[in-house]
């Protein structure tokens, strides 16, 4: 396996990684249409076909008793760590809460903006090659902080029952109901509603390509957070960085799935060589070795560039989900970062700290979309409404201007709405 690449070789890998087969979208459209028209009947058939679900509609929803049982199966260490993570995520997202505001003009007009939470939020939690309690936390906690009263979680059941760690995380994070269903059919159920699963106002959370395309297609029927793709990290490092750290950080992303990306960019050829050696060494120790190998082959590597400016330019071009600056005085480079979902500064801020415990959200824009998308936040679960109050004095001061503008646009009923109020005063 070739690990040390030039810039062109890496960009070629990235371009091939972004290619999406058109027939997948057609399959997803069919699933969405059938769930929209047939509801639970189509949903349960797809759950059996794609999720391996063996039950019926009566046990599609996870019971409180099953969650109680899950608590007895998880260890105290996990529960303590989970609660610490939830508190840190809660504290961070609470700082994001915007305030409604009003301003009063001299003539008595009152203008303002108010924020209200959506009524029902749907969160998608993957259940593929691994279980992700952390994804539950990162999706549910911002919704709870925003004030959402009903948080509906969907996640495919693998095996005879739901993962107990995921169930415990859901209750601890404030999820109000859980359904054992995944894939595009779960997104369809959340978007259109069925007799069993309620229609939601917003859908958040990452998934596979089918989930991502489904979210793209239902956008407009409901709101979504973003179109999340495979996980990725780019690490910029100089000779002060430890090869052990760089190799481990590459591998931590590559183990997600075969399309995940772990990239190191450096202008130190010797550091690149030593990092490649450490990657080979660590690979022998990891249980998800085959997944990692495919990921590195598909979209990973160590790129040697001329200098730090070229490294930053390449990183901004890639616009990664996670960017690590493993450099002396990393804060000095922060202003040069234009595109990244999250930025990790220094030797002791590896990406997994953000995945689990730091506090900022780990649901981040991928596949170059950090050029225009932002991390999941309380904003995804809030709506803004403008508030307008005119006093009589304020109305009369502005009325003739409104009439002129409305008539210029040919909207004479708009002008009439103002004129009748003038004539009655």
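From the backbone N, Cα and C atoms, a Cβ is placed for every residue, glycine too.
Within the same chain, residues at least six positions away from residue 414 (substrate binding site) with a Cβ under 8 Å of its Cβ are 402, 406. Look at residue 414 (substrate binding site): DSSP puts it in a helix. Here Swiss-Prot flags 231, 253, 256, 322, 355, 409, 414 as substrate binding site, drawing on sequence analysis.
Annotation comment: Swiss-Prot describes 253, 256, 355, 414 as Zn(2+) binding site, evidence class sequence analysis.
If you look up Swiss-Prot, you'll see 321 (among others) marked as active site, proton acceptor. Secondary structure at residue 321 (active site, proton acceptor), taken from DSSP and collapsed to helix, strand or coil, is coil.
Long-range Cβ neighbours of residue 322 (substrate binding site) (same chain, at least 6 residues apart, Cβ-Cβ under 8 Å): 231, 232, 233, 234, 253, 340, 341, 342, 344, 351, 354, 364. Sequence annotations record features per position, and here Swiss-Prot assigns active site, proton acceptor to 322 (among others).
Residues near residue 355 (substrate binding site) in space but far in sequence (CB under 8 A, at least 6 apart, same chain), listed by position: 134, 362. Shown in sequence order, 231, 232, 233, 340, 341, 342, 364, 365, 366, 370 are the residues of the chain, 6+ apart in sequence, with a C-beta less than 8 angstroms from the C-beta of residue 321 (active site, proton acceptor).
Burial estimate for the binding-site residues (231, 253): highest at 253, by number of other CB atoms within 10 Å. Residue 256 (substrate binding site) is surrounded by 23 other CB atoms, counting those within 10 A of its CB over all protein chains shown.
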